[in-house]
Amino acid sequence: MAHSVKIYDTCIGCTQCVRACPTDVLEMIPWEGCKAKQIASAPRTEDCVGCKRCESACPTDFLSVRVYLWHETTRSMGLAY
């Protein structure tokens, strides 16, 4: 069951989410949109275990990184019955 990991442009490039991830789903990539000149990226979402530690570690009030668990995604799309 794959989970969806979304990174939003409110990311400040602090690397807290990357360091919190126990399965190395996240990594930092160059980005000119913030002072740190980097943003989190989720190239390995198939390894996400859905622990949401990245969300908890995010210091922004906007939750720049969100994990949508497989069953939450299904429910929000109206596919659950």
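A Cβ is built for glycine as well, from the same backbone N, Cα and C atoms used for every other residue.
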Swiss-Prot records C48, C51, C54 as [4Fe-4S] cluster 2-binding residues. Which of C21, C34 is assigned to the same site? C21
By the count of other Cβ atoms within 10 Å, pick out the sparsest of the binding-site residues C14, C51, C54. C51
Sparsest-packed of the listed binding-site residues (C17, C58) - C-beta count within 10 angstroms: C58
